[in-house]
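Undergrad: Have a look at the structure that comes next, please.
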Amino acid sequence: MQYDTDVIIVGGGFAGITAARELVQRGIRTTIVEARDRLGGRTWTRETSLGRELDMGGTWVHWIQPHVWAEISRYGLDLIASPELDTAYWRVDGEVRTGTADRMLDLLDASMTEMLADARRVLPQPYDFFPLSEEIKALDQVSVAEKIAELDLDPQQRALLDGMWALNFSGDPARSGHTQALRWCALSRGDWKLMFEACATYKFARGTRSLLDAIAADATAADIRLNTLVTGIDETADGVAVTCSDGTILHGRRVIVTVPLNILDTIAVTPGLGHGVTAVAEEGQASSGVKVWVRVKGDVGRFAALADSDAVLNFVQYEYPLDGDSLIVAFGPRSGLIDLNDPRAVEAELRKWRPDLEVVAVDAHDWTADPLSGETWPMLAPHQLDAVSHAARDTTRRIRLAGSDYARGWAGFIDGAIESGLQTARQIMTEFESEN
Ligand SMILES: Cc1cc2nc3c(=O)[nH]c(=O)nc-3n(C[C@H](O)[C@H](O)[C@H](O)COP(=O)(O)OP(=O)(O)OC[C@H]3O[C@@H](n4cnc5c(N)ncnc54)[C@H](O)[C@@H]3O)c2cc1C
């Protein structure tokens, strides 16, 4: 076969650009095919209608996330902390309760600790869980909602725990795999408060784009084709043929597919991907939520708010002061229930905690509705861990799956995307060395 390039990478998010950097630095011809008009995928730092640049997607990082932390060190990027929160509001059976932010976390402590008690025992080395043990297979049948139902909790504890996991999964706890919760906690040495800190505390001083741009600057030798949708991949004995919507067919020695799991079935792959991963893609993983930035009139204080998974918006966190107003970020577990561009609709949701809030403007990107993502941060549903882990580790094919959805460690995070991009690229380099 005549190759146009050595490695074709479908998707230019963190996994794709990291893999490209590794490959071109070894002199391997690499082509990224990206459907959007920009790199970054589910991270997107952009100007907003709220009066400052904000991150529409992936934002927070932490030093317990080793792959992203190595990149932060390598490029010397500055982080800032989200503000320390003083007040919290939480809803229990329609009634608003309030206290310090620490008080709300203390109320969660016993139930979170009990729910995650097995994390370190079951996953002593959390990157190393495949092939799944019989115990992990059994745990993977259980949803977060079922696990919560097993616990002896009062209504307040139940509402808080359910709400916290709807936030963590960006989805419905009834469709959220308990093993995913255990994986997060095991990566945080069994400490759920550290886990929570890792998820929502430290962010890039100049936006997530600062890391993306730094990696991309080391990958300029790659042929990057934006605005190009991949529609099909054919694997033969000696290569791959990648078909794009403009009719171009690219031939390469390997293809790395980094598209989110929920839209994996939009690319026709021949022969089909094995291990049941296509069925998982058709079923869809758990995340289906929304993130929205809100400018609220005046200084509303450094507050957080939480409600259970039935709420349209179920978590809110103060982030920045802006010209006398406040910028807050809100999350909800289900896309499609609220017009994210309608300030009055968002205000109505926020007033369920705080009737004093007056929304000035809103800005969001609906990743779940976006046909190039179909999900927010990937979180598996019950019964999916085996198929996804197996497919992600299959090195017998010329087509490889990479990305945050397939990471061994911090799956769902920027860290996981980098990890997966690095590992996939290194594996292919090793294969090329033995083939040459
Ligand atoms: C709202 C939100 C908040 C988040 N918050 C955090 C956070 O605080 N911290 C954190 O660590 N992570 C967070 N994440 C998760 C993190 O952003 C992602 O896990 C990570 O960026 C995924 O990178 P990726 O390269 O695996 O996939 P993506 O970024 O999805 O990249 C895949 C690329 O493939 C492209 N593509 C899709 N289909 C095709 C096709 N057919 N042809 C060509 N190209 C195609 C897409 O356009 C995309 O650019 C968040 C995500 C969202 C959406």
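Every residue number used here counts from 1 along the chain in the order it is shown.
Glycine is treated like the rest: Cβ placed from N, Cα and C.
Pulled the feature table from TrEMBL, pasting it below:
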{"type": "DOMAIN", "residues": "14-429", "note": "domain 'Amine oxidase'"}
{"type": "BINDING", "residues": "Glu34, Ala35, Val230", "note": "FAD binding site"}
{"type": "BINDING", "residues": "Phe331", "note": "substrate binding site"}
Undergrad: So around the FAD site, Glu34, Ala35, Val230 aside, which residues have their CB within 8 A of the centroid of those CB atoms?
TA: Val10, Gly11, Gly12, Val33, Arg36, Arg225, Thr228, Leu229, Cys244, Val259, Leu372
Undergrad: For ligand 1, which among the binding-site residues Glu34, Ala35, Phe331 have a CB under 6 Å from it?
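TA: Once distances to ligand 1 are taken from each Cβ, Glu34, Ala35 fall under 6 Å.
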Undergrad: 10 Å Cβ neighbour count around Val230 (FAD binding site)?
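TA: Excluding its own Cβ, the number within 10 Å is 24.
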Undergrad: Roughly how many Å separate the Cα of Glu34 (FAD binding site) from that of Phe331 (substrate binding site), to the nearest whole number?
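TA: It is 27 Å, counting Cα to Cα.
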Undergrad: Taking the Cβ of Phe331 (substrate binding site) as centre, how many other Cβ atoms lie within 10 Å?
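TA: Result for Phe331 (substrate binding site): 19 neighbouring Cβ atoms inside 10 Å.
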Undergrad: Pop the Cα-Cα gap between the residue listed as 'substrate binding site' and Val230 (FAD binding site) into the table, whole Å please.
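TA: Val230 (FAD binding site) to the residue listed as 'substrate binding site', Cα-Cα distance: 31 Å.
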Undergrad: In this predicted model, what is the average pLDDT of the domain 'Amine oxidase' (14-429)?
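TA: For the domain 'Amine oxidase' (14-429), the model's average pLDDT rounds to 97.
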Undergrad: Using DSSP and collapsing to three states, where does Val230 (FAD binding site) fall: helix, strand or coil?
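TA: Once the DSSP labels are grouped into three classes, Val230 (FAD binding site) ends up as strand.
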Undergrad: How long is the line from the C-alpha of Ala35 (FAD binding site) to the C-alpha of the residue listed as 'substrate binding site', rounded to the nearest angstrom?
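TA: Each residue's Cα considered, Ala35 (FAD binding site) and the residue listed as 'substrate binding site' end up 26 Å apart.
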Undergrad: Give the residue from the binding-site residues Glu34, Ala35 that has the most other Cβ atoms within 10 Å of its Cβ, counting over every protein chain displayed.
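TA: Of the binding-site residues Glu34, Ala35, the highest Cβ count within 10 Å belongs to Glu34.
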Undergrad: In the three-state scheme derived from DSSP, which category covers Ala35 (FAD binding site)?
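TA: Ala35 (FAD binding site) sits in coil per DSSP, no helix or strand.
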Undergrad: DSSP three-state call for Phe331 (substrate binding site): helix, strand or coil?
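TA: Note: Phe331 (substrate binding site) is in a strand by DSSP.
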